Amino acid sequence: AVYVVGGSGGWTFNTESWPKGKRFRAGDILLFNYNPXMHNVVVVNQGGFSTCNTPAGAKVYTSGRDQIKLPKGQSYFICNFPGHCQSGMKIAVNAL
């Protein structure tokens, strides 16, 4: 399945609650739609998600229309533009 992160609003502030109530499976695609001049998508670990810090070597997506295939287990994504993750621009997704 393909999921548009944030729905019609796209990847933006206060998307932290977007995954609630959805069932994700390994191999599902998350589609992140955003303005690449204003946001990005960074794959982080749980610590990076909690603290909004980007771990060294983290994968960064910047196209504005990123398709990311979910691995099994927990995945964490943030925007690391200053202050954005702190404003709820982050999601944690568990794929079965």
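Positions of Cβ are set from backbone N, Cα and C atoms, glycine also.
Mapped onto three states, the DSSP output places His39 (Cu cation binding site) in coil. The Cu cation binding site annotation in Swiss-Prot covers His39, Cys79, His84, Met89.
Annotated disulfide bond per Swiss-Prot: Cys52-Cys85, in sequence order. Around Cys85 (disulfide bond), the same-chain residues six or more apart in sequence whose CB sits under 8 Å from its CB are Cys52, Ile78, Cys79, listed in sequence order.
Swiss-Prot lists 1-96 with the feature domain 'Phytocyanin', giving sequence analysis as the kind of evidence. Taken residue by residue, the domain 'Phytocyanin' (1-96) breaks down under DSSP into 12 helix, 32 strand, 52 coil.
Apart from His39, Cys79, His84, Met89, the Cu cation site neighbourhood in this chain, defined by C-beta within 8 angstroms of the site C-beta centre, holds Trp11, Thr12, Phe13, Tyr34, Met38, Asn40, Ile78, Asn80, Phe81, Cys85, Ser87, Lys90.
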